[in-house]
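Engineer: Handing you a structure now.
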């Protein structure tokens, strides 16, 4: 077997993320046991931030 750059291409097998049980997205990190999308495994609350939605404008109509 050779070493060097040609061998590095053989390291792309397997996957770091699998389908999350809570949100259903392919964001659950296998080794960390944490979902990158919803925070499952780290927090009991769904991960969310204020910058995910546009700011409230006018009479309080939230625009997505």
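Each Cβ is built from the backbone N, Cα and C atoms, and glycine gets one as well.
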Engineer: Can you dig out which of the ranges 20-38, 39-57 Swiss-Prot describes as zinc finger?
Structural biologist: 20-38
Engineer: Most Cβ neighbours within 10 Å: which of the binding-site residues 20, 23, 35, 38 is it?
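Structural biologist: Counting Cβ neighbours within 10 Å, the top one is 35.
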Engineer: On average, what pLDDT score does this prediction assign to the zinc finger (20-38)?
Structural biologist: 97
Engineer: For the zinc finger (20-38), how many residues does DSSP put in helix, in strand and in coil?
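Structural biologist: So the zinc finger (20-38) is made up of 0 helix, 4 strand, 15 coil.
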